[in-house]
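Trainee: I'd like to ask some things about the structure below.
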Amino acid sequence: MLSSLQSHEEEEEPTTNPTTTSFIPTTPSQFLIPTSASPRQILMRCAELMHHGDRPMALRIASFLISAVSPIGDSSDRVVYHFAQALTRLIESSNSASSPSTSMNKCGTQLVQPSYLAFNQITPFLRFAHLTANQAILEAIDGHRGVHIIDMDTAHGFQWPPLLQAIAVHGYRGDGSPPSVRITGAGTDVNALRRTADRLHAFARSLGLPFQFNPLYLHSYNLGSSLMQLHQSSSLTEKGEVLIVNCVLFLHKLLYGDRDERQLHDFLSTVRDMGPAVVTIAERELGVASAPQDFFRVFSESLEYYTAIFEALEATVQPNSVERREVEERWLGEEIKESLVPAGGTRGAGGMRFERWDVIMRENGFTPRRLSEYSLSQARLLLRLHYPSEGYQLHVSKEGLFLGWQARALFSVSSWQ
């Protein structure tokens, strides 16, 4: 069956042994698939065809893989299946002249929320990011009468109940009263922001904590403009407040449609001018294509990245888990699809590795705040209590705290001033 997928140009004399497992051809005529190739090797051939512009053949191979591997098989099969799905959607969207954002971003609120909840439950990544960022925020609040947190991607607000509880229990001022908490929560879904506001207000009342939540609507194609308006307003900080800007899984979104990173630099310049005590950043350790010619490199890195995540799920979650399938299909599947869109396209779920974020933050006038030993201790406790597996690894490097699977770093958290 595999031999039927050989390129329509195989009549030409191939310049390489067709049974080779080296998949870095120089011309389309070398795209021959050996009958002994594994699904992963076939997937790499498909990506090479995309890289060289042979979309019809790439679509044939991707369609074959979707039918040949199982979305409920082992981790290797599942990751190949979702990448083949991603390539199919990417090719079909380009053939129909629709933007990747229109054809790929199908997860409405009703689909995203269950998968987001499940991802937060069965993997440590979001909880690690929230916990570590919250600890940096708590340390910045110490001694202040109040805190104003500008949260650039509030989503469902899962980050904030643990922080509110910690402030209510430990964050007392000299007069014995807790500091006031004001959160400006940003997002592109007004209704979701309102629901989040209601939940957080109710939770803060149960703690007896002075609390305000102000929604900040972000236009999906100009994510930094609302922040600039907030900077110009008189409500940025009140007397005795400390200002925090929280960017958990947000900065990479400023790369959408922006090959020269101008939107990102403009945003960081605005943040710097606001004078926050702390800027917290959490991002995936995953690159993004800056141009179509980077496609094969970024595809390879994305495949390596999500292979590690699927292996982690394979090792730590029951194989018949409904939650795992929900996460892989609705959450990780969408991430994979968007990770393959160049930054100059309309969407892209990739980003940059910490080394690049480090350079960009310093270029924009920020200096790193070393995360405390307590942050590392809390992250270790999180893994030990809720995700007990030797596969999850923590390490500190260049002022960032990293969580990964085996030797592959997957998420980083850092704090800046």
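Quick reminder: no glycine exception, Cβ is built from N, Cα and C everywhere.
Note that TrEMBL annotation is computational and uncurated.
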Trainee: Quick one: which of 126-130, 251-255, 356-360, 406-410 does TrEMBL have down as motif 'LXXLL motif'?
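Mentor: It is 251-255 that TrEMBL describes as motif 'LXXLL motif'.
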Trainee: According to TrEMBL, motif 'VHIID' applies to one of these ranges: 77-81, 147-151, 207-211. Which one is it?
Mentor: 147-151
Trainee: With DSSP as the reference, give the number of residues of the motif 'LXXLL motif' (251-255) in helix, strand and coil.
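Mentor: Helix, strand and coil residues of the motif 'LXXLL motif' (251-255) number 5 helix, 0 strand, 0 coil.
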